């Protein structure tokens, strides 16, 4: 939905915030924008191919010449509009000079980084960059959300600088020191070499600088575009002046340097493609969409599509499937390996997409309302319920600080956190030493430990979420997250055990050779770390093994805990509906989350023991079959140990009556049946919500002259003794069924109520109730 801000005042005197209006008419502009950005990505990849054969200045001159020709032809800047004054011509000249400099930086960065990285770094809208600079250099940067967006942007740039392997050796061989195509490229390469960074990293910094210059250039051009009669007229005149500025330089280059182009006629279509896709189409579509849509929407959709297109072409541009999109012919039997996709650039693209989405989002200063109609007086009525349930954003440092405080407050989460820190420390030591000694075994085991840390993180997050307060949407709170966490951890372990079992069976047939040089010290170190975890989480195993369901403990001493119950009811036509809640201090019980974490640690411990045993047999006796045999034994143990966890978690998720409380609940229902004034009960439902909450609902039929609150108190007390600490009791009388029969209920419902009514007129001993 498109958001528009209205200046009308509400009846109460408040100012109306953004109001949702239909956005179906914007679909065509969104599609047009996405199509233009897709073609711009094609044009920039084509530009990179052209720059391999054409000098940088010649390339910019031809692009400016073609753009000036089309824009002067379309806009007619000399025959339409007011006459441009001499002072304005001077400003247009300065505008053209700065535009040429930015183009030089842009396309030189393209030659250094390739089209994929150039699109990721340079194709950010002014809205995104201004929001980024506002967060970095002003005190009112837009709140925590904008701060996260700025952090994502910086992380994306760092990923390109540090974790992106961009074929540096090929680039060094391509332009050895002392040989460059022209004085301009020599100067730029000298500056990059002076900074002490590789060409690819220098290109990243150059494109970031060009991006900032582009945004400042656009901001400074706004007043000039108004003075000369619009942005389109300014662009036409500026491109024309740029051609005149670059013409002498191009002539000198043509006379002093040897051209790499074999046939200029073969480059006509590639240049037309670049001019139309990169300059003309993108400029006009941006102009139209910025008028029809909000700038934030334009930036968000445009950035997302061009980044996705960049990743797509970065992987398939040299593939035969893209030959139809390429205007410039690819040399036969040639597959380029420069500027290919890497893990760093993919991660960077993800962070760029996230940052563009966050930084381009408008700061909401009013409530978001939907027009639902008009009052009899003609005043517009708006619904603001959508924002009423939204939570306010919170700064990341404060969220981390409060989360850490909550983690350290409770025993379970504190144990997980301490063991996670120990596990991470061992993991990074293992990875560092593996990289230092070039040991593939240490590196692979380090990443295996890192995967185990992810299970600990999930368990820690689940332990933290269980203490979150209930909200309007999640009215029961987040206690069941620990059940889900344990269930997912159990599934992970079962999948791991299955694959280990299958691999072990395959290795039994053909045992491979094993390098045991580093296995023993690594396994001993892992065993020590995991034994610490076994000691830390053993209480979870003991609770889970002793009682498979969920339960709560009550203490009679006041200083151990507290227990209270309350009920409230109302009677309308002799029908009472009451809720009784008893809150009991939880002293233990099955914690599925902790059991899942414990089983993960146990599996790692068994793995370390198995590696030590198999390594000993291999080193002493040369029994290669010991490794798959130990793996088979360990996989079987893991599988069998996970089954009870999954069984208990499934029972909780399926709302089964807690097994250990079945007898108590059955006895409690018999006691309820014997309460004075109670005729019968129906629809008793009891289930385990979490490790410390057993919930239940029950309908109790009573005689007409009984006091509802007394029944509620007695039923609540009986079921609380049976372990139900979150109870809803509905009291029903004979007049209630008569009242419901008179309503517009279905025939089957009325028939069932009537039959139940007849059964209520007699006690079990046959006595008739008057």
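Backbone N, Cα and C atoms are what each Cβ position is placed from, and that goes for glycine too.
Fair warning: this is a prediction, and the values are worked out from it, not measured in the lab.
Under the heading Zn(2+) binding site, Swiss-Prot lists 448, 452, 600, 604, citing similarity to another entry as support. The feature compositional bias 'Basic residues' is assigned by Swiss-Prot to 558-570. As annotated by Swiss-Prot, region 'His-rich loop' applies to 539-579. The region 'Disordered' feature in Swiss-Prot is assigned to 548-586. Annotated topological domain 'Cytoplasmic' per Swiss-Prot: 1-29, 75-95, 139-149, 212-235, 286-300, 467-480, 539-597, 644-770 (among others), in sequence order. Sequence annotations record features per position, and here Swiss-Prot assigns topological domain 'Lumenal' to 257-264, 322-339, 437-445, 619-622 (among others).
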Near the topological domain 'Cytoplasmic' (286-300) in space but 6 or more residues beyond its ends, with Cβ under 8 Å, are 2-3, 26, 29-30, 32-33, 36, 125-128, 231-232, 356-357, 360-362
Long-range CB partners for the topological domain 'Cytoplasmic' (212-235) (under 8 A, at least six residues beyond its ends), listed in sequence order, are 71, 75, 77, 80-82, 84, 88, 91-92, 95, 98-99, 101-102, 105-106, 122, 126, 129-130, 133, 283-284, 287
Note: in the chain of residue 600 (Zn(2+) binding site), residues six or more apart in sequence with C-beta under 8 angstroms of its C-beta are 452, 455, 456, 459, 489, 492, 493
Within 10 A of the CB of residue 452 (Zn(2+) binding site), the number of other CB atoms across every chain shown is 21
What DSSP reports for the topological domain 'Cytoplasmic' (286-300) is 13 helix, 0 strand, 2 coil
The topological domain 'Cytoplasmic' (75-95) resolves under DSSP into 11 helix, 0 strand, 10 coil
Residues outside the topological domain 'Cytoplasmic' (75-95) whose C-beta sits under 8 Å from one of its C-beta atoms, at least 6 past its ends, are 221, 224, 227-230, 232-238, 241
Averaging pLDDT over all residues of the topological domain 'Cytoplasmic' (467-480) gives 85
Within the same chain, the residues at least 6 apart in sequence whose Cβ is under 8 angstroms from that of residue 604 (Zn(2+) binding site) are 452, 526, 530, 533
The DSSP breakdown of the topological domain 'Cytoplasmic' (212-235) into helix, strand and coil residues is 22 helix, 0 strand, 2 coil
Excluding its own, the Cβ atoms lying within 10 Å of the Cβ of residue 448 (Zn(2+) binding site) add up to 15
Using DSSP three-state counts, the residues of the topological domain 'Lumenal' (257-264) come to 1 helix, 0 strand, 7 coil
Given the topological domain 'Cytoplasmic' (467-480), its same-chain partners at Cβ distance under 8 Å and 6+ residues beyond its ends are 389, 391, 406, 410, 652-653, 689-693
Secondary structure of the topological domain 'Cytoplasmic' (467-480) by DSSP, residue by residue, totals 0 helix, 0 strand, 14 coil
Secondary structure of the topological domain 'Lumenal' (619-622) by DSSP, residue by residue, totals 3 helix, 0 strand, 1 coil
